[in-house]
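> Attaching a single structure in structure tokens format; questions to follow.
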Amino acid sequence: MTDIKRNFSDIASPANLDDTKKLHVDSTATTKVGRKPIDTEPKSKRTAQNRAAQRAYRERKERKMKELEDKVRLLEDANVRALTETDFLRAQVDVLKNELAKYTGGSDFSDLNLPTKVGHLSHPNNHHSNVSTGTPHGSMSSSNSVASLDNDKPSSASSVSNNSPGFAFDNPWSKDNIQKLKHQHQQQQQKVPQGVPDLVSGSSSSSTPLNDNLLVTPESLTGLSTSSKYTGQNNVPTNLDFTNQFDEQVDPFCVKLNEACGTKSNPVPKFKRSGSKANTSVTNNSPLAHLVSPESQQYTNSSNIDFMNDPFFNGVGTDYNFNFDSKNGSIQDPLSFLQDDNFDLALAFGDPSPTGNEAEADPISLLTTEESIYDPLTNNSDKLCSTVKADDVNTDFNFNDFVKNSLPEKQEKGKYEPPSTSKTTNNNEEEDKDEVVPAPPQTLKCSEIWDRITSHPKYTELDIDGLCNELKSKAKCSEKGVVINTADVNQLLERSIKH
């Protein structure tokens, strides 16, 4: 038997029906149109939470990527600065080597060897580090952003490492590299010429790997300077080679002018050496030769001793000539007694001619008088001082003139010439002006003289060689090199222009 459901209105009373209608009307009146049912609230709450979590995750990911991009940019800038500084320092080393070669006269630097292989970091773009974010989607997005960043901004280090064939990714302190460097160093030592001394003759040779790798061969430096070119993003080569950019004509001009003060091979100035006298055979035929024993009279100075003609010992304007034989100490020097401190030159070589007042000035004759001048009971010291005149003693005796006149080449007429008693202090002071060690205030150095010559309006009409020879005659030696007075430079310039 089937059950048939009955309607509620069939069994409810009329009063109950009125109450249910009122409740239905009240419920419809309180609810608003469009409001979702209550059973959907838990689902919407979960959706809002998921959206907030995704938003926070994206913000954290963007913040992390921005920090990584800033770090990459800083590292790229530091790498570019380091490479630029390396190229600049290498160019400076080449310039200093060339300058050193000019002064030393050779380009052999056997004890300055560096390794030809320098180990450094590999290509930074070959190894990308993916940021792990906890989800596969996040890791893929972060790696893609890093790849896009590297594609947009290529690193300059990659271009340098790709275009620099002089570098290799090898450890400079490896065993193979050390053996190669030792072999190269031995070959360089065999190629060193015997006449050229090393820069550091007493340098200690260490066998540690660090010191071995701090040695630089000239071939390795030249190879690095010529082969290493920094290539930027636009592939513009900037070769920092300043080898032939200095001293176009200043170097030969100054080298020729520096001959006035001597060079490395000839320390004595050339123009004074060429004007020096021929080899002189010095004998002992002086007026004082009778004081020497016959054994020493047979000795004559050989003509092959060239230091007698050296301008350093026998200058044109100097007062000191060393025309004595110092090679053989066993043979007595005929004029050695003149070097004795107890020997009075003024009394020995004074004027022997008697004066009118000699009888009064003779101390021996005064002893025979009735009233002796040396009587201890009387104070006659004033009489003695008044009788002896200062002219009786030759105070202006010049020992150098006496030695010059005593030599055979000075005695052409066979007679002894008395030494000159004129005062030579003024001449000596004038000649000493040419040997001033500190530079005078109004002088010009070689580079300043060359600047003044090249800035002259008639520079093309000047005879540079002739002007240089004239400047050498006016040159002075100082701690700064050759210097010439400004007035002399201007005078010689005007004279050369008139010619």
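From the backbone N, Cα and C atoms, a Cβ is placed for every residue, glycine too.
Pasting the relevant annotations from Swiss-Prot:
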REGION    1-64  region 'Disordered'
MOTIF     20-27  motif 'Bipartite nuclear localization signal'
DOMAIN    40-103  domain 'bZIP'
REGION    43-66  region 'Basic motif'
MOTIF     44-51  motif 'Bipartite nuclear localization signal'
COILED    49-105  coiled coil
REGION    68-75  region 'Leucine-zipper'
REGION    104-215  region 'Disordered'
COMPBIAS  123-148  compositional bias 'Polar residues'
COMPBIAS  155-164  compositional bias 'Low complexity'
COMPBIAS  186-215  compositional bias 'Low complexity'
REGION    254-261  region 'n-CRD'
DISULFID  CYS254-CYS446  disulfide bond
DISULFID  CYS261-CYS477  disulfide bond
REGION    408-442  region 'Disordered'
COMPBIAS  417-427  compositional bias 'Low complexity'
REGION    446-477  region 'c-CRD'
MOTIF     462-469  motif 'Nuclear export signal'
> Measuring Cα to Cα, how far is CYS261 (disulfide bond) from CYS254 (disulfide bond) in Å?
11
> Helix, strand or coil by DSSP: which one applies to CYS477 (disulfide bond)?
strand
> Among the disulfide-bonded residues listed here, CYS254, CYS261, CYS446, CYS477, which has the most company in the form of other Cβ atoms within 10 Å of its Cβ?
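Within the set of disulfide-bonded residues, the most crowded position is CYS446.
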> Taking every residue in the motif 'Bipartite nuclear localization signal' (20-27), what is their average pLDDT?
56
> Write down the Cα-Cα distance for CYS477 (disulfide bond) and CYS446 (disulfide bond), rounded and given in Å.
11
> What Cα-Cα separation, expressed in whole Å, is found between CYS477 (disulfide bond) and CYS254 (disulfide bond)?
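Cα of CYS477 (disulfide bond) to Cα of CYS254 (disulfide bond) measures 13 Å after rounding.
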> DSSP helix, strand and coil counts for the region 'Basic motif' (43-66)?
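Once the DSSP states are binned, the region 'Basic motif' (43-66) shows 24 helix, 0 strand, 0 coil.
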> What counts of helix, strand and coil residues does DSSP assign across the domain 'bZIP' (40-103)?
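Split by secondary structure, the domain 'bZIP' (40-103) comes out as 64 helix, 0 strand, 0 coil.
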